[in-house]
Amino acid sequence: MDKLYGLSHLFMTVFLHNFSMFMVVPAITDVTMAALCPGQDECSLAIYITGFQQAMIGLGTLVMMPLLGNLSDKYGRKAILTLPMILTIIPVGILAYSRTKKFFYVYYVFKILISMVCEGSVPCLALAYVADNVPESGRSTVFGILSGIGSAAFVSTLIAVIGALYMQFFLRDSVIDDKHLYTPIISQGNPIISKVNGNLESKKHLLKALRSIKDLTSFLNSSLTINQAAIVAFFNSLADVGLHGSLLYFLKAQFHFDKNQFADLMVISGIAGTVSQLLLMPILAPILGETRLLSVGLFFHCVHMFLYSMAWSSLVPYASAMFSILYVFSHPCIRSIVSKEAGPHEQGKAQGCISGICSIAHIVSPLVFSPLTALFLSEKAPFDFPGFSIMCIGFASMISFVQSLMLRVAPPILN
C-alpha cells in the first residue's frame with residue numbers, strides 16, 4: 001500500500017495525459033470526414049490519410065521508443081517524460097483553435113511529426129518508473145492498476161497543460177542512483193569545460209544511448225521469453241492499431257455513428273476496463289499467473305473483434321465494448337513479463353524496446369488494413385461484407401493468442 005501511495009503522482013500524471021488524449025478520439029473521425037468529405041458517411045480518402053498517419057507515426061516511434069527508454073535509464077524518467085508531456089499539447093491546441101480544412105491539415109502535419117517522437121512514450125516510461133519502485137512479485141498488479149487508471153481517463157488543451165505541469169512539480173524521479181544516472185539533462189551547477197575526459201565520457205554515453213535499433217535487436221535476442229513476448233506484443237498491437245484505424249469508419253458507414261456514439265463506446269469500454277484492472281486483476285494475477293492471464297485476455301480480444309466484424313445491429317458494438325472487462329489484461333501482463341526479464345537499471349530500455357516492436361505494427365497495420373477497409377466499405381467491394389477487414393484484424397489477434405499459449409517464463413536466476 002505504501003508503494004501505491006508513493007506512485008500516486010505518477011498515476012495522476014498518466015490520468016491527466018490520457019484524459020487529454022482520449023477526449024480527442026471520438027471527435028477526430030467526424031472532424032476528418034467534415035474536412036475531407038463533407039456530408040458523406042463513407043470516405044476512402046479519410047481512411048487512407050488516417051492509415052498514412054499511423055504508418056508514419058509507427059516509423060518514427062520504431063526509432064524513438066528504444067532511444068527514449070534508454071535515455072531515461074541514463075538521465076532519469078522525469079526528465080525524459082517532460083518532452084512528450086509538453087509537445088503533445090500542440091496538436092490538440094491547433095484543433096481547439098479551429099477545425100476548418102486549412103487548420104485540419106496543420107493539425108495533421110503537427111500530429112504526425114510530434115507523434116513520431118512522443119506516441120506511446122508516456123505509458124512506456126511510466127511502466128519503467130513502476131518497475132523501478134515495485135518488486136517483481138507485485139509488478140503485474142501495479143501495471144494493471146496503471147493501465148486501469150489510463151482507461152479511466154476518458155477535451156481540452158487545458159488538461160494537457162495541467163498534466164505536464166503536474167508531472168514536473170510533483171513527480172519525483174525514480175532513477176537517482178549516481179552510479180547509473182550519468183548526468184542531468186539540465187545542469188544545476190556551473191558548466192565545467194576543462195575536463196576533457198569527463199566530456200569524452202559523456203559523449204560516449206550519449207552515443208551509446210543513440211544506438212536504439214541495435215539495442216532493440218540485442219535485447220530481443222537476450223532470452224527466449226523476451227523473444228516470444230515480443231511476437232505476442234507485435235500481433236496484439238497489429239490488431240489494436242488495425243481496429244483503431246478501421247472501426248470508427250466502419251461504424252460510421254454501417255450504422256451512421258457520430259462522435260456521440262463513439263464517445264459512448266469509449267466510456268463503456270473505459271469503465272469496464274477500469275473496473276477489471278483495478279478490481280479483477282489484483283485477484284486473478286496471483287491465482288492464474290501472468291502467462292495464463294495473458295492468454296485469457298487475448299482470447300477475449302479475438303472474440304471482441306469477431307463480434308464487431310459481424311455486427312448486424314447498432315446494439316452489437318455496445319455489447320462488444322463490454323468485452324474490455326476481460327481483454328484488457330493482455331497489455332499489463334506482457335509488460336510485466338518483459339520487466340522481470342530485464343535488470344534493475346534496464347527497465348527503460350526493456351519497455352522502450354517492446355514499444356519499438358509495437359511501433360513496427362503501427363507501420364505494417366495501416367498498409368494492410370486501411371486499403372482493405374476502404375475497399376469493403378466502398379461500392380467496389382468484391383462481396384458484401386463491410387466488416388471483412390475487422391475479421392482479418394481478429395485473425396491477427398488470434399495469432400498473438402496462439403503464441404501466448406507457447407509462452408514460458410524462465411525462472412529467475414539467483415545471484
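Even glycines carry a Cβ here, placed using N, Cα and C.
According to TrEMBL, the transmembrane segment annotation covers 7-25 (among others).
Residues or ranges marked as transmembrane segment in TrEMBL: 45-68 (among others).
Residues or ranges marked as transmembrane segment by TrEMBL: 80-98 (among others).
Summarising the annotation, TrEMBL assigns transmembrane segment to 104-130 (among others).
The transmembrane segment annotation in TrEMBL covers 142-167 (among others).
Summarising the annotation, TrEMBL assigns transmembrane segment to 229-251 (among others).
Note on the transmembrane segment (263-285): residues 22, 25-26, 140-141, 144-145, 147-149, 151-154, 293, 317-318, 321-326, 328-329, 332-333 of its chain, located 6 or more positions outside it, place their CB under 8 angstroms from a CB of the stretch. Residues annotated as transmembrane segment in TrEMBL: 263-285 (among others).
If you look up TrEMBL, you'll see 305-329 (among others) marked as transmembrane segment.
Annotation source TrEMBL lists transmembrane segment at 350-376 (among others).
Taken from TrEMBL, the feature transmembrane segment applies to 388-410 (among others).
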Item to check | Spatial neighbours of the transmembrane segment (305-329) far in sequence, C-beta under 8 Å, 6+ residues away | outcome: 144, 147-148, 151, 239, 243, 247, 250-251, 254-255, 257, 264-265, 268-270, 272-273, 275-277, 280-281, 284, 293-294, 296-298, 387-391, 393-394, 397
Checklist entry - Is it the case that the transmembrane segment (104-130) and the transmembrane segment (388-410) have 3 or more CB pairs under 8 Å, with pairs at least 6 apart in sequence? => result no
Checklist entry - Under 8 Å, at least 3 Cβ pairs, sequence separation 6 or more: does that hold for the transmembrane segment (350-376) versus the transmembrane segment (7-25)? => result no
